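For reference, the structure discussed in these notes is given below.
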Amino acid sequence: MGEQLGGLKRTHMCGELGVKDVGKSVVVMGWVNSRRDHGGLVFIDLRDRTGIVQIVFSEQVSKEVFEKVQSVRSEYVLAVEGEVVKRLPENVNPKIPTGEIEIYAKNLKILSKSETPPFPIEDRSNVSEAVRLKYRYLDLRRPSMQRNLITRFKLTQAVREFLNDNGFIEIETPMLIKSTPEGARDYLVPSRIYPGKFYALPQSPQIFKQLLMIAGFDRYYQIARCLRDEDLRADRQPEFTQIDIEMSFVEVEDVLDINERMIKHVFKKVLDVDLDIPFRRLTYQEAMERFGTDKPDLRFGMELKDLSDILRESEFNVFKNALKNGGSIRGINVKGAASMTRKQLDELVEFAKNFGAKGLLWMQVLEGEVKSPATKFLTEGELNKILERLEAEVGDLLLIVADKDEVVFDTLGHLRVEMAKRFNLIDESKYEFVWVVDFPLLEYDEEEKRYVAKHHPFTSPKDEDIDLLEKEPLKVRAKAYDIVLNGTEIGGGSIRIHDTELQKRMFKVLGFSEEEAWKKFGFLMEAFKYGAPPHGGIAYGLDRLAMIMTGSDTIRDVIAFPKTQNAVCLMSDAPSEVSEKQLKELHIKIDL
């Protein structure tokens, strides 16, 4: 059985001790990281969240304590009292901050014993993610995981600090809300008091933050828990955290400005990185045409170039058909990649097919010739113009796709990133932010045969496009903006509709009858009747931002207790079956 503290009080954290503490009597507490027995001396590295300190147990100092330490093993929890001593020069360990000192133990309490853990508690530990998630409390003892969660804490702390100083009020919104099935599936919570009725867990605080603006709070924020029952793609979680922000009496530039200043503050505070503001701005159209994506990674070039005008008269069927069907021909230049083998080029063609491309045309620019399956279909003039447009030099590889615009963009956008990774063109030390603005307000859903909101139904159209809402809905641009960091969207928002009539028109274009719109969003529509200010905001994916700031490979590494990709908690075994009694109370019958 473990000993009690018995009045012993910790004086220092393990990683905080240094030469300044030599001669002091200290009490440290933590876990045994490692143990080494050298006959008359036992060395223990004691670990807490601040780091490691070496403790020396010597027969000369205390025979009783020396005998007691013989039973101690890895991950035992100890309280140690002793004197801080400067190490001899030959024993200094430069790898750890406490490497110049050690503690000579005078008193030892074994607070808790440990079985041998299923994997070593160290960053080098080569263990499967499934085992790490099953024993998450052990995984979280590893220094890298503790650093990640402490960085995440510092991130939320810096966000709060900035927003508090800029007149924002933190307000919590409800977790049990009305289900409004638009977007992802809701998680439903049955009501025991009202049999047959259900609450939903919030996918975001969207409607409530708008109501807070109507209530006159002017500037709101919340570190909000959000839940979506969606089919999990790579690196999505059923529950996640948003930095949620809303402001009254603002236009797009006001929102972008305060967010740039917040991000600058956060990066300086957490990572000591100085960011230049304002960030770059790209319209949605420009981002698609230059980078093939609305989430462009600007740490490298390799921009898409439109070749359609050069090849308009081409006799090559692939080009002819693409242009005839309203598509385009575009290409990228991968500098210095002409040395790729035929096998590697064939793999690239297969890679391109994953994104709907029927094929991929490659050109190797060599000394005195251009090697490509397409050269025989091109005139010399066409070939020279392609080389000129793509700024080709000897040693370059040109990749060209001809298809519908969306296929061309998607394929070349992914190829651009793939080639940058293969040829190490990405400077991992850079943070490249960009605002993508002027998104289309609507998209057409072929399955449902109706228009759907690209962001959500409360996004305001640009003033100059309002008249197109019923006539040419797909031409309407939104007062919407996404913030992208190194090719990852970390946040997005919009100016909202604050006018009842415009909101009704929007619902109509989306195919909601007035009755249906009222049934889903009646309480918001009712609130609009009583004077709504112009308002807008943004929400950041906190997990994704923390992942980038810690250099982690997955958001699971910045969440204390994440679910797997199949939405399962391997540690607690959630979701699980519940008792018949619980189901009966809720008037629920399981029909599998």
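Using N, Cα and C of the backbone, Cβ positions are placed for all residues, glycine too.
Fair warning: this is a prediction, and the values are worked out from it, not measured in the lab.
Annotation comment: Swiss-Prot describes HIS38 as site 'Important for tRNA non-discrimination', evidence class sequence analysis. Per Swiss-Prot, the feature L-aspartate binding site maps to GLU182, ARG228, HIS455, ARG496; the stated evidence is sequence analysis. Here Swiss-Prot flags 206-209 as region 'Aspartate', drawing on sequence analysis. Per Swiss-Prot, ATP binding site is recorded for ARG228, ASP229, GLU230, GLN237, GLU489, GLY541, LEU542, ASP543, ARG544.
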Quick check for the class: what is the C-alpha distance, in angstrom and rounded, between HIS38 (site 'Important for tRNA non-discrimination') and ARG544 (ATP binding site)? 47
ARG228 (L-aspartate binding site), Cβ-centred 10 Å count of other Cβ atoms over all protein chains shown, is 19
Per the record, ATP is bound by ARG228, ASP229, GLU230, GLN237, GLU489, GLY541, LEU542, ASP543, ARG544: how many Å separate the farthest pair of Cα atoms? 20
Please name which of the binding-site residues listed here, ARG228, HIS455, ARG496, is nearest in space to GLU489 (ATP binding site), Cα against Cα. HIS455
Segment-level pLDDT (mean, integer) for the region 'Aspartate' (206-209): 94
Assigned conformation of ARG544 (ATP binding site) - DSSP reduced to three states: helix
Which is it, of HIS38, ARG496: the one of these recorded positions whose Cβ has the most other Cβ atoms within 10 Å? ARG496
Rounded distance in angstrom between the Cα atoms of GLU230 (ATP binding site) and ARG496 (L-aspartate binding site): 25
The number of other Cβ atoms within 10 Å of the Cβ of GLU489 (ATP binding site), counted over all protein chains shown, is 16
Return the residues near HIS455 (L-aspartate binding site) by Cβ distance under 8 Å, restricted to its own chain and a separation of at least 6 in sequence. PHE439, ALA478, ALA480, GLY492, SER494
Counting other Cβ atoms within 10 Å of each residue's Cβ, which of the binding-site residues GLU230, LEU542, ARG544 comes out lowest? GLU230
